[in-house]
Amino acid sequence: MRIHRLFLLQVAGTAVQAFHAVTASRVAPPHHQADPRQLQALRPPTTIKQVASTQSWTEVPHTGDESTLTMVATREEQLVVEPEDDSKLMNVAMFNLIKCALGSGVLALPSGIAAMSDLKSTILPSALFLTVLGTVSAYTFYNVGRVCQQTGSKSMGEAWERQVGKDSKWIVSFATASLTFGCCLAYSIVVGDTFHSLATTTNLPLSRSAAHMLVTLGAMFPLCMLNNLASLAPVSVVGVIGTFLTVVFMGWRCMGPGYKAGGRLFATLAPALKPSFGIRGQGKALSSLVLVSMSALAFLIHFTAADFVNTFPKGEKQLKSFKTLTVKGFSWTVGLSVAVLAFGYLTFGGNAAGNILNNYASADVGATICRLLMGISVVGSFPFCLASCRAAVLDLMGRGGSTAATPRTNRMVSAGLLALVTSFALRLKDAGIVVAINGALMGSALNYIFPAVMLLKSGKTARWERNLNRSLIVIGVVMAMAGGTVSCLNAFAPHLLR
């Protein structure tokens, strides 16, 4: 208990510092790449004064402290950020990276093990495997940033166009649209589950569909209609705090007696949600691809790589700083993901749900607090994800993305996408299915195949790295085909994998 208190104090201190940094700098990128106008809006209010000619400007925050942040813009509108405190910039960027990576997909990871086994001995190889996949994702994320830095690109799509070709750029746009639509669907399912559980806890007579529609129409729809999402930046803090507290809570419940047979909370669970170990044993080897598919989505933040690498001052140290950020940010992300995987599975075993918070009893106060925090985080993050989907759809339609479309067009497309997402979410009950299928098909392409293709096209790699990336392309293709098939079987014919 003393260790838990110390850990919570440390997390609280870090969160307070990050809150001041995030709300001051407003540089939190969304889970996937958003409208550039929204990213611009996340910067602090500034005044611009001419310092030399029409080609060079200095942007000074209203605080009056020119040494804190200087931005130099050229005719090509390239921004150079030169903060005085590099460590503060690194900490804020790392905080934002963790928030971007730890979306709703992390809550589905325990169900990935449950799809292939209900033996406790399965947790060790699964945790090691997840760590390896997280490391590979960190490498491919760094490669995307590398290519963007080398080509001066502001997005993964732009880097693809410059390295691979304009004619095939639609592939990236299609993958982005499909991926972000799937992420929006997973978010929407989590919203329905979370707020229905909260309504049940507070004895409100609301069905899952009613609770879902109430939150969608009352909160998510108005937020998605905003032209500027800058006011949602502090939600990043709530999301990270919620994730940390959820991990601590899950560890506490895993080691405590509450959910063990005969425990106080064990008897309150439905049979399908009660801990289950050693009943069906080990499933077929192919069933392990469900966890692989989920992992591809859990670590997928590659569309934000350009935003993160351009956060640092241009020059010799830019790529080195980005590499440090990648190592630190993914270390925390992988560590927290493994913790959720382990604590969730070791508590509920073969009955781990697609959203692990659904397994915990409605009478569990700690679970209620975690649901509330994660619910706020998901509702606040949803508009960013929908904006990314909208931009990709408009790009596929030949409208040039959200920045080229009128506000009215953006709102109409957002409303249509939200209605489509909600209609699917009202019928689907398991976010884990969406995460697995989406991760297998689109996650594998964006996580492994596309970064490797771009790096190989750059021609600036050693022989061993070229061979490694060729292997990643093959692995990505196999994972997309086999993982997608197995994920569909697990969703609709699970008996074939056992």
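Note that Cβ sites are derived from N, Cα and C of the backbone, with glycine treated the same way.
Source: prediction; values computed, not measured.
Per TrEMBL, these features apply:
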SIGNAL    1-18  signal peptide
DOMAIN    93-485  domain 'Amino acid transporter transmembrane'
TRANSMEM  123-144  transmembrane segment
TRANSMEM  170-190  transmembrane segment
TRANSMEM  233-252  transmembrane segment
TRANSMEM  285-309  transmembrane segment
TRANSMEM  330-352  transmembrane segment
TRANSMEM  372-397  transmembrane segment
TRANSMEM  432-450  transmembrane segment
TRANSMEM  471-493  transmembrane segment
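Sequence-distant contacts of the transmembrane segment (432-450), counting only residues of its own chain at least 6 positions beyond either end whose CB sits under 8 Å from a CB of the stretch, comprise 104-105, 108, 111-112, 136-137, 140, 156, 160, 172, 175-176, 178-179, 182-183, 185-186, 189, 289-290, 292-300, 302-303, 353-355, 472-473, 475-477, 479-480, 483-484, 486-488, 490-491.
By the Cβ criterion (distance under 8 Å, sequence gap of 6 or more), the transmembrane segment (330-352) is not counted as touching the transmembrane segment (471-493), fewer than 3 such pairs being found.
Among the recorded stretches 123-144, 170-190, 285-309, the one sharing the largest number of Cβ pairs closer than 8 Å with the transmembrane segment (372-397) is 170-190.
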